[in-house]
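Record features, source TrEMBL:
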- 21-42: transmembrane segment (TRANSMEM)
- 48-68: transmembrane segment (TRANSMEM)
- 97-118: transmembrane segment (TRANSMEM)
- 146-170: transmembrane segment (TRANSMEM)
- 190-218: transmembrane segment (TRANSMEM)
- 224-249: transmembrane segment (TRANSMEM)
Amino acid sequence: MKLHIVPARTGLLWVRLGIRAFWRQPLALAALFFMTMAAMSLATLLPLIGPAVALALLPSATLAMMVATAETTQGRFPTPALLLVAFRTGRQHLRDMVQLGVFYAVGFLAIMGLSALVDGGQFAQVYLGGEPLSREVAEDPAFQGAMWLSMLLYLPLSLLFWHAPGLVHWHGVPPVKSLFFSLVACLRNFGAFCVFGLAWMGVFLAAGLVVALLTGLLSSLVGMAAGGIMVGAAMMLAAMFFSSVVFTFRDCFEPPEQYAHGPQEGAEPPPDTQL
């Protein structure tokens with residue numbers, strides 16, 4: 001398996017390809033994203049273990065969006081059955097994806113635990129427990145410190161799991177190795193991922209300003225629906241973001257030929273490095 005080193009400008013290409021792929025099947029991809037989020041929200045209702053189960057589902061949800069986007073770029077319709085793609089390709093594959101989910105949940109909960117050392121658990125209760133966020137709590141220096149610590153610690157966790165679902169699914173890489181290869185790929189292509197992240201920040205900010213302006217101008221017409229419009233726009237943008245993830249994987253790790261789900265649109269052959 002080879003690691004592809006791509007130029008920093010490729011990060012902008014990933015954003016464009018993700019947005020373009022989404023608009024090929026906007027209703028289908030938005031519906032799939034909504035269903036994955038709904039499944040995770042329902043999981044949080046389980047007594048005691050709900051939040052952990054929801055966190056453990058995230059790698060599988062990410063893989064579902066990756067495969068759905070790949071199907072779209074190849075002219076096929078992404079069906080709801082893709083939501084279970086992580087669980088219906090053999091026992092070994094199922095075990096590997098479950099392990100990834102457990103690793104992710106443990107890592108995230110560990111971050112929340114460390115943040116609790118700073119503010120006594122306020123940030124964790126707001127983020128995971130659904131506690132209301134008051135102005136007093138938000139302005140508390142301890143709460144802000146816990147928030148920034150969590151964001152700082154989440155960066156390496158996200159790099160570990162960024163490519164891991166795709167590596168397990170397309171390459172059959174064991175879970176622990178997939179985490180290592182994912183981290184290496186992200187670090188070796190750090191410039192492209194920085195551009196990717198900054199570009200998406202710009203897209204979210206620009207879209208937020210446009211939606212806020214339109215709802216403000218049309219408030220007399222849309223009335224109470226303004227909040228729903230903003231939530232819907234945020235969901236669509238999040239679906240576009242997840243649609244772009246598969247292109248970051250495609251350019252860092254070329255999928256084996258026996259798997260037919262690797263998108264080829266906009267592909268640029270980059271330099272190779274043996275892992």
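Glycine residues also receive a Cβ, built from the backbone N, Cα and C atoms like all the rest.
All TrEMBL annotations are machine predictions without curation.
These numbers come from a predicted model, not from an experiment.
It is 146-170 that, among the stretches 21-42, 48-68, 146-170, 190-218, 224-249, forms the most Cβ pairs under 8 Å with the transmembrane segment (97-118). Across 21-42, 146-170, 224-249, the stretch most heavily in contact with the transmembrane segment (48-68), judged by Cβ pairs under 8 Å, is 21-42. Remote same-chain partners of the transmembrane segment (190-218), defined as residues 6 or more beyond its termini with a Cβ less than 8 Å from a stretch Cβ, comprise 6-12, 14-15, 19, 226, 229-230, 233, 237, 240-241, 244, 248, 251.
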